[in-house]
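Colleague: From TrEMBL, here are the annotated features:
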BINDING   LYS18, LYS19, GLU20, ILE21, ARG22, ARG148, ILE149, GLY150, HIS151, GLY152, GLY153, GLY154, TYR155, TYR156  ATP binding site
BINDING   LEU64, GLU69  substrate binding site
Amino acid sequence: MDKGFFYSIFGGVFISMKKEIRNRVLQKLKQIPAEEKTFQESELSQKLFHSAVWKRAETVSLTLSLSHELNTAEIINQGLVEGKKLVIPRCQPANRTMTFYPFTDRSSLIRSSFGVLEPDPDVLTPVDPEEIDLIIVPGIAFTSSGQRIGHGGGYYDRFLAKHPDIETVSLVLQEQLVKEIPTEVHDINIKQIYQFKKESSS
Ligand SMILES: Nc1nc2c(c(=O)[nH]1)N(C=O)[C@@H](CNc1ccc(C(=O)N[C@@H](CCC(=O)O)C(=O)O)cc1)CN2
Ligand SMILES: Nc1ncnc2c1ncn2[C@@H]1O[C@H](COP(=O)(O)OP(=O)(O)OP(=O)(O)O)[C@@H](O)[C@H]1O
(Lines of atoms letter the chains of each structure in order from A and count residues from 1; the text may use other names and numbers.)
(Lines give C-alpha, C1' and ligand atoms only; values in the text may rest on other atoms or scores of the structure.)
(Ligands and ions follow the chains in the order given, each with its own letter.)
Protein backbone atom coordinates (compact mmCIF):
# COMPACT_ATOMS: atom_id res chain seq x y z
CA MET A 1 0.00 0.00 0.00
CA ASP A 2 1.17 3.53 -0.72
CA LYS A 3 2.76 4.95 2.46
CA GLY A 4 1.14 8.37 2.10
CA PHE A 5 -2.31 6.82 1.85
CA PHE A 6 -1.60 4.53 4.80
CA TYR A 7 -0.52 7.42 7.04
CA SER A 8 -3.39 9.64 6.00
CA ILE A 9 -5.76 6.93 7.24
CA PHE A 10 -3.87 5.70 10.30
CA GLY A 11 -1.73 8.73 11.25
CA GLY A 12 -4.40 10.12 13.55
CA VAL A 13 -4.80 6.77 15.30
CA PHE A 14 -1.04 6.58 15.91
CA ILE A 15 -0.95 10.10 17.31
CA SER A 16 -3.75 9.39 19.78
CA MET A 17 -2.08 6.11 20.84
CA LYS A 18 1.12 8.05 21.47
CA LYS A 19 -0.79 10.62 23.51
CA GLU A 20 -2.33 7.88 25.59
CA ILE A 21 1.10 6.31 26.32
CA ARG A 22 2.59 9.75 27.02
CA ASN A 23 -0.12 10.60 29.57
CA ARG A 24 -0.03 7.19 31.22
CA VAL A 25 3.76 7.20 31.67
CA LEU A 26 3.74 10.87 32.77
CA GLN A 27 1.34 9.95 35.60
CA LYS A 28 3.62 7.04 36.60
CA LEU A 29 6.69 9.28 36.55
CA LYS A 30 5.05 11.82 38.83
CA GLN A 31 4.31 9.09 41.38
CA ILE A 32 7.79 7.60 41.79
CA PRO A 33 8.96 8.14 45.38
CA ALA A 34 11.87 10.61 45.44
CA GLU A 35 14.27 8.13 47.02
CA GLU A 36 13.49 5.45 44.43
CA LYS A 37 13.91 7.95 41.59
CA THR A 38 17.29 9.10 42.93
CA PHE A 39 18.45 5.49 43.22
CA GLN A 40 17.55 4.66 39.62
CA GLU A 41 19.06 7.93 38.34
CA SER A 42 22.31 7.19 40.08
CA GLU A 43 22.54 3.66 38.66
CA LEU A 44 21.74 4.87 35.16
CA SER A 45 24.22 7.74 35.35
CA GLN A 46 26.96 5.30 36.40
CA LYS A 47 26.11 3.06 33.43
CA LEU A 48 26.51 6.08 31.18
CA PHE A 49 29.85 7.15 32.73
CA HIS A 50 31.27 3.67 32.09
CA SER A 51 30.11 3.55 28.48
CA ALA A 52 32.40 3.90 25.47
CA VAL A 53 30.27 6.66 23.89
CA TRP A 54 30.54 8.82 27.03
CA LYS A 55 34.27 8.23 27.40
CA ARG A 56 34.87 9.09 23.75
CA ALA A 57 32.66 12.18 23.67
CA GLU A 58 34.27 15.59 23.99
CA THR A 59 31.09 17.57 23.40
CA VAL A 60 27.89 16.28 25.01
CA SER A 61 24.39 17.68 24.59
CA LEU A 62 21.92 17.34 27.43
CA THR A 63 18.90 19.10 28.86
CA LEU A 64 18.17 20.76 32.17
CA SER A 65 15.57 18.36 33.48
CA LEU A 66 12.03 19.11 34.63
CA SER A 67 11.09 17.60 38.00
CA HIS A 68 9.28 14.56 36.55
CA GLU A 69 12.12 13.79 34.13
CA LEU A 70 15.30 11.83 34.81
CA ASN A 71 17.41 14.28 36.80
CA THR A 72 20.44 15.27 34.73
CA ALA A 73 22.30 17.06 37.58
CA GLU A 74 24.70 14.16 38.19
CA ILE A 75 25.54 13.93 34.48
CA ILE A 76 26.19 17.67 34.33
CA ASN A 77 28.50 17.55 37.34
CA GLN A 78 30.43 14.56 36.01
CA GLY A 79 30.74 16.10 32.55
CA LEU A 80 32.16 19.29 34.03
CA VAL A 81 34.53 17.34 36.32
CA GLU A 82 35.79 15.33 33.32
CA GLY A 83 36.34 18.53 31.33
CA LYS A 84 33.75 17.76 28.65
CA LYS A 85 32.08 20.55 26.72
CA LEU A 86 28.39 20.51 27.63
CA VAL A 87 25.78 22.05 25.36
CA ILE A 88 22.05 22.63 25.91
CA PRO A 89 19.27 23.31 23.42
CA ARG A 90 17.20 26.40 22.87
CA CYS A 91 13.92 25.79 21.04
CA GLN A 92 12.55 27.94 18.21
CA PRO A 93 8.81 27.16 18.41
CA ALA A 94 8.10 28.92 15.09
CA ASN A 95 9.84 26.21 13.05
CA ARG A 96 10.33 23.65 15.85
CA THR A 97 14.10 23.64 15.54
CA MET A 98 16.75 23.64 18.26
CA THR A 99 20.00 25.59 18.51
CA PHE A 100 22.67 24.43 20.94
CA TYR A 101 24.67 26.69 23.26
CA PRO A 102 27.48 25.98 25.72
CA PHE A 103 26.53 25.29 29.33
CA THR A 104 29.01 26.27 31.99
CA ASP A 105 26.92 27.18 35.01
CA ARG A 106 23.41 28.27 35.87
CA SER A 107 23.90 31.90 34.94
CA SER A 108 22.94 32.97 31.40
CA LEU A 109 19.76 30.88 31.48
CA ILE A 110 16.18 31.95 30.90
CA ARG A 111 12.97 29.99 31.47
CA SER A 112 11.18 29.07 28.24
CA SER A 113 7.41 29.10 27.81
CA PHE A 114 7.60 25.29 28.04
CA GLY A 115 9.04 25.67 31.56
CA VAL A 116 12.62 24.52 31.01
CA LEU A 117 15.74 26.61 31.52
CA GLU A 118 17.31 27.50 28.20
CA PRO A 119 20.45 29.39 27.20
CA ASP A 120 20.11 33.16 26.83
CA PRO A 121 20.91 33.88 23.15
CA ASP A 122 21.80 37.50 23.98
CA VAL A 123 24.69 36.36 26.16
CA LEU A 124 25.88 33.10 24.59
CA THR A 125 27.17 32.04 21.16
CA PRO A 126 25.66 28.98 19.42
CA VAL A 127 27.71 25.84 18.91
CA ASP A 128 28.09 24.21 15.48
CA PRO A 129 25.97 21.00 15.63
CA GLU A 130 28.83 19.17 13.86
CA GLU A 131 30.80 19.60 17.06
CA ILE A 132 28.39 17.46 19.10
CA ASP A 133 29.62 13.90 19.70
CA LEU A 134 26.85 12.62 21.95
CA ILE A 135 23.27 13.66 22.68
CA ILE A 136 21.54 12.55 25.86
CA VAL A 137 17.99 12.57 24.52
CA PRO A 138 15.20 13.30 27.01
CA GLY A 139 11.83 11.62 26.73
CA ILE A 140 8.79 10.26 28.49
CA ALA A 141 8.37 6.68 27.22
CA PHE A 142 10.84 4.35 25.52
CA THR A 143 11.08 0.81 24.23
CA SER A 144 14.22 -1.26 24.78
CA SER A 145 14.88 -1.08 21.03
CA GLY A 146 15.14 2.72 21.14
CA GLN A 147 11.74 4.01 20.12
CA ARG A 148 10.81 7.16 21.99
CA ILE A 149 7.91 9.41 22.89
CA GLY A 150 8.85 12.91 24.04
CA HIS A 151 6.80 15.91 25.09
CA GLY A 152 5.26 16.14 21.62
CA GLY A 153 7.21 19.00 20.10
CA GLY A 154 8.99 16.82 17.56
CA TYR A 155 12.18 18.80 18.29
CA TYR A 156 14.59 15.86 18.58
CA ASP A 157 13.14 13.96 15.62
CA ARG A 158 13.66 17.01 13.43
CA PHE A 159 17.19 17.63 14.69
CA LEU A 160 18.31 13.99 14.54
CA ALA A 161 16.94 13.57 11.00
CA LYS A 162 19.45 16.23 9.92
CA HIS A 163 22.33 14.79 11.98
CA PRO A 164 22.14 11.00 11.70
CA ASP A 165 25.77 10.40 12.63
CA ILE A 166 25.63 11.86 16.14
CA GLU A 167 25.60 9.23 18.91
CA THR A 168 22.36 9.20 20.92
CA VAL A 169 21.69 7.76 24.36
CA SER A 170 18.62 7.86 26.59
CA LEU A 171 18.59 6.89 30.25
CA VAL A 172 15.31 5.15 31.00
CA LEU A 173 13.71 4.73 34.42
CA GLN A 174 11.86 1.48 34.97
CA GLU A 175 8.52 3.33 34.87
CA GLN A 176 9.33 4.76 31.42
CA LEU A 177 9.83 1.47 29.65
CA VAL A 178 6.93 0.30 27.47
CA LYS A 179 6.59 -2.77 25.24
CA GLU A 180 5.54 -1.00 22.07
CA ILE A 181 5.32 2.47 20.59
CA PRO A 182 3.40 3.07 17.36
CA THR A 183 5.93 4.33 14.83
CA GLU A 184 5.41 7.32 12.59
CA VAL A 185 7.54 7.92 9.47
CA HIS A 186 9.49 10.79 11.05
CA ASP A 187 10.34 8.96 14.29
CA ILE A 188 14.05 8.41 14.85
CA ASN A 189 15.25 5.64 17.12
CA ILE A 190 17.70 6.33 19.94
CA LYS A 191 20.90 4.39 19.27
CA GLN A 192 21.55 3.27 22.85
CA ILE A 193 19.06 2.80 25.65
CA TYR A 194 20.28 2.39 29.21
CA GLN A 195 17.35 1.04 31.13
CA PHE A 196 17.03 0.49 34.84
CA LYS A 197 16.21 -3.07 35.68
CA LYS A 198 15.45 -4.16 39.22
CA GLU A 199 17.62 -6.99 40.59
CA SER A 200 19.92 -6.87 37.60
CA SER A 201 23.39 -5.55 37.17
CA SER A 202 23.27 -5.32 33.36
N1 LIG B 1 14.13 19.16 30.06
C2 LIG B 1 13.81 19.13 28.77
N3 LIG B 1 14.25 20.07 27.96
C4 LIG B 1 13.92 20.02 26.64
C5 LIG B 1 13.10 19.02 26.12
C6 LIG B 1 12.62 18.02 27.02
O7 LIG B 1 11.89 17.09 26.66
N8 LIG B 1 13.01 18.11 28.33
N9 LIG B 1 12.80 19.02 24.78
C10 LIG B 1 12.45 17.89 24.03
O11 LIG B 1 12.00 17.99 22.94
C12 LIG B 1 12.88 20.28 24.07
C13 LIG B 1 11.64 21.10 24.41
N14 LIG B 1 10.49 20.37 24.00
C15 LIG B 1 9.22 20.83 23.90
C16 LIG B 1 8.22 19.92 23.62
C17 LIG B 1 6.92 20.35 23.52
C18 LIG B 1 6.60 21.68 23.67
C19 LIG B 1 5.21 22.14 23.57
O20 LIG B 1 4.96 23.28 23.34
N21 LIG B 1 4.27 21.24 23.77
C22 LIG B 1 2.88 21.57 23.67
C23 LIG B 1 2.09 20.39 23.15
C24 LIG B 1 2.61 19.93 21.82
C25 LIG B 1 1.61 19.26 20.97
O26 LIG B 1 0.91 18.33 21.46
O27 LIG B 1 1.54 19.67 19.82
C28 LIG B 1 2.37 22.00 25.04
O29 LIG B 1 3.01 21.65 26.03
O30 LIG B 1 1.37 22.73 25.05
C31 LIG B 1 7.60 22.59 23.93
C32 LIG B 1 8.92 22.16 24.05
C33 LIG B 1 14.16 20.95 24.44
N34 LIG B 1 14.37 21.01 25.84
N1 LIG C 1 11.17 15.35 10.98
C2 LIG C 1 9.94 15.88 11.08
N3 LIG C 1 9.44 16.61 10.09
C4 LIG C 1 8.22 17.14 10.16
N5 LIG C 1 7.39 17.01 11.22
C6 LIG C 1 7.82 16.29 12.25
C7 LIG C 1 9.12 15.70 12.24
N8 LIG C 1 9.29 15.07 13.42
C9 LIG C 1 8.16 15.26 14.12
N10 LIG C 1 7.27 15.98 13.42
C11 LIG C 1 5.93 16.41 13.88
O12 LIG C 1 6.07 16.99 15.18
C13 LIG C 1 4.97 16.64 16.00
C14 LIG C 1 5.43 15.99 17.30
O15 LIG C 1 6.13 14.80 17.04
P16 LIG C 1 6.34 13.67 18.13
O17 LIG C 1 5.05 13.37 18.80
O18 LIG C 1 7.11 12.56 17.50
O19 LIG C 1 7.28 14.48 19.15
P20 LIG C 1 8.15 13.99 20.37
O21 LIG C 1 9.27 13.14 19.87
O22 LIG C 1 7.24 13.40 21.37
O23 LIG C 1 8.69 15.40 20.91
P24 LIG C 1 10.12 15.98 21.39
O25 LIG C 1 11.19 15.49 20.44
O26 LIG C 1 9.98 17.46 21.29
O27 LIG C 1 10.33 15.54 22.77
C28 LIG C 1 4.09 15.70 15.19
O29 LIG C 1 3.01 16.45 14.71
C30 LIG C 1 5.00 15.23 14.09
O31 LIG C 1 4.27 14.94 12.92
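Using N, Cα and C of the backbone, Cβ positions are placed for all residues, glycine too.
Predicted automatically and left uncurated, TrEMBL annotations should be read as such.
I'd like to know what surrounds each of these features in this structure.
Modeller: Listed in sequence order, PRO89, CYS91, ARG96, THR97, MET98 are the same-chain residues six or more apart from TYR155 (ATP binding site) with CB atoms under 8 A from its CB.
Within 10 Å of the Cβ of GLU69 (substrate binding site) there are 21 other Cβ atoms, across all protein chains.
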Colleague: Let me know the DSSP-derived helix, strand or coil state of LYS18 (ATP binding site), please.
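Modeller: The residue in question, LYS18 (ATP binding site), is helix (DSSP, three-state).
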Colleague: With LEU64 (substrate binding site) as the reference Cα, tell me which of the binding-site residues LYS18, GLU20, ILE149, HIS151, GLY153 is the closest one.
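Modeller: Of all the candidates listed, HIS151 is nearest in space.
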Colleague: For a Cβ distance below 6 Å to any atom of ligand 2, name the binding-site residues from LEU64, GLU69, ILE149 that qualify, or say none.
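Modeller: What lies within reach of ligand 2, judged by Cβ under 6 Å, is ILE149.
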Colleague: Can you tell me which of these binding-site residues sit near ligand 1, meaning the Cβ is under 6 Å from at least one of its atoms: GLU20, HIS151, GLY153?
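Modeller: Going through GLU20, HIS151, GLY153 in sequence order, those close to ligand 1 turn out to be HIS151, GLY153.
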Colleague: Compile a sequence-ordered list of residues in the same chain as ILE149 (ATP binding site), six or more apart from it, whose Cβ lies below 8 A from its Cβ; state 'none' when nothing qualifies.
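Modeller: Expected: LYS18, ILE21, ARG22, VAL25, GLY139, ILE140, ALA141, PHE142, ILE181.
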